[in-house]
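Trainee: Pulled these from TrEMBL:
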- 25-42: transmembrane segment (TRANSMEM)
- 27-421: domain 'Major facilitator superfamily (MFS) profile' (DOMAIN)
- 62-81: transmembrane segment (TRANSMEM)
- 93-111: transmembrane segment (TRANSMEM)
- 123-141: transmembrane segment (TRANSMEM)
- 162-183: transmembrane segment (TRANSMEM)
- 189-208: transmembrane segment (TRANSMEM)
- 241-263: transmembrane segment (TRANSMEM)
- 275-295: transmembrane segment (TRANSMEM)
- 307-325: transmembrane segment (TRANSMEM)
- 331-353: transmembrane segment (TRANSMEM)
- 365-386: transmembrane segment (TRANSMEM)
- 398-418: transmembrane segment (TRANSMEM)
Amino acid sequence: MSSHAGTNGNENEVPHGRAKSNKGTPLWLLAAIAVFAVAWGGNEFTPLMVMYRENADLAPVFIDLLLLVYALGIAPALLISGPISDRIGRKPVMLAAPVLSILGSTLIALGETTAPLILTGRFISGLAVGIVMAVGGSWVKELSDPRFDPKAKSTSGAKRQSMALTLGFGLGAGIAGTLAQFAPLPGQLAYIIHILISIPTIFGLLAVPETRQSPHLGGSNAPRETLWESLRTPSVTNRRFLLVAAMGAPWVFGAAGVAYAIIPSLLQDHVSQPVFYSAMVTLFALLCGFGIQQIGPRFVTEHNARGSLIAIGIVVIGMGLAAWMSTNPTAVTAFIAALVLGAGYGLSMFTGLNEVQRIAGPRDMAGLTGIFYCLTYIGFAFPAILTKLSESISWMTYPVMLGGGMVIAILMGLVIFFNSTVNLPQRAE
């Protein structure tokens, strides 16, 4: 098993705990279900953007702004909630996520035609997603430690967290888009269902033990840090993080964004039911990512960055297919390109999280996870940038831009290749 030299000591970890709740449910699964539910709520809005545009109650520029507002909620939550949970524990911070997610969905459902409500709801949904990414990921990782799960492998934490996120993102979008196209109350029903599945996760989290023990929680003789010191993440300067994990990070949501934002927009005038088509592209692209995450551990090795190289290689192929498809869009070719990009998204997330969890120690596990996810959300800006460029510069067509993205992915892959063995974590004896 690979681990960072600083991760082998247990001075900042809770002693051996039970593996299951009193009802026999694996503890990591209770935390992962909460991650899944919050991710569901965060991404169910994506296919509904087509519906909001068709309704014309909100300005098109405002609807695009809602993506930015969502990201603005995610970013501070990623950067702050992780270090705070490193300081005060995973459980109190994570418990806030489903509560915020429920509040966000409530406001969006009430604000279908009311800009301030839907804007506030999207921001709050972003906060919730940021918390489950940073804190939920660290908690699932720690609950996948042999102390809590004797059968867990070194890659189990990254695999379980990435699969929970991906399944939530995918099912949330797929079900929301389908309901909006075919069911009554298109602006409310999907959010009501999300609220109903989220409420039980709060009680599930209450049954999960704390895994993080810091000097601020008692039971440790280590010196206490100031709040400012707690927000620092020393491992962010690790060369392996900068030259391997950070290089692949933007392509997590870069690939996903092209798959479920750019591709459906190119097909909007070519299909009879654009909301449903957008939902299905999003769902199956993310399910493809979910599928590859199940076998993700087979791609990684302790000796180099093989997994990250395979992931960015899939992204390169997906971007190439998207560029080719955009010259003459059809529903079938677009779907194929989206599936490949979905696989690239899924493996990029898993391999990136796996690198982060090998690099970081208990003291800044959540902090480095949050920074990694912030880098992944650089890719969230790709669709907006491509759309703006296509409108502003005549020769910036989608084939040109997507082809350029493929070249950039190749260059970042070369950086990973030439630093594949940099700062490899020491093997535990």
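Heads up, residue numbers simply count up from 1 along the chain you see.
Note: Cβ is positioned from N, Cα and C throughout, glycine not excepted.
Heads up, TrEMBL stuff is auto-annotated, nobody curated it.
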Trainee: Are there residues at least six beyond either end of the transmembrane segment (25-42) with Cβ under 8 Å to its Cβ atoms? List them, or say none.
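Mentor: Hits for the transmembrane segment (25-42): 17-19, 70, 94, 97-98, 101-102, 104-105, 125-126, 128-129, 131-132, 136-137, 139-140, 143-144, 148-149, 152, 156-157, 160-161, 163-169, 171-172, 191, 194, 197-198, 201-202, 204-205, 207-209.
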Trainee: When you scan the chain for residues with a C-beta under 8 Å from the transmembrane segment (275-295), skipping those not six or more beyond its ends, what do you find?
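Mentor: Answer is 43, 46-51, 54, 159, 162-163, 166-167, 169-171, 173-178, 180-182, 256, 259-260, 263-264, 267-268, 331, 334-335, 338-347, 349-350.
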Trainee: Near the transmembrane segment (123-141), which residues from the same chain, at least 6 beyond its ends, have a CB less than 8 A from one of its CBs?
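Mentor: Residues 28, 31-32, 34-35, 38-39, 41-42, 45, 69-78, 81-82, 85-86, 90-91, 93-94, 96-98, 100-101, 103-105, 107-108, 157-158, 160-161, 164-165, 208, 211-212, 353, 357, 365-367, 369-370, 373 contact the transmembrane segment (123-141) from elsewhere in the chain.
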Trainee: With contact taken as 3 or more Cβ pairs under 8 angstroms (pairs 6 or more apart in sequence), are the transmembrane segment (307-325) and the transmembrane segment (398-418) in contact?
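Mentor: The answer is yes, given that the two segments have at least 3 Cβ pairs within the 8 Å cut-off.
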Trainee: Can you work out whether the transmembrane segment (93-111) touches the transmembrane segment (398-418), with the criterion being 3+ CB pairs under 8 Å where the paired residues are 6 or more apart along the chain?
Mentor: no
Trainee: Any chance you could find the range in 62-81, 189-208, 365-386 with the most Cβ pairs under 8 Å to the transmembrane segment (241-263)?
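Mentor: So the stretch in question is 365-386.
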Trainee: Calculate the per-residue pLDDT averaged over the domain 'Major facilitator superfamily (MFS) profile' (27-421) and state the result as an integer.
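Mentor: Overall, the domain 'Major facilitator superfamily (MFS) profile' (27-421) comes to a mean pLDDT of 90.
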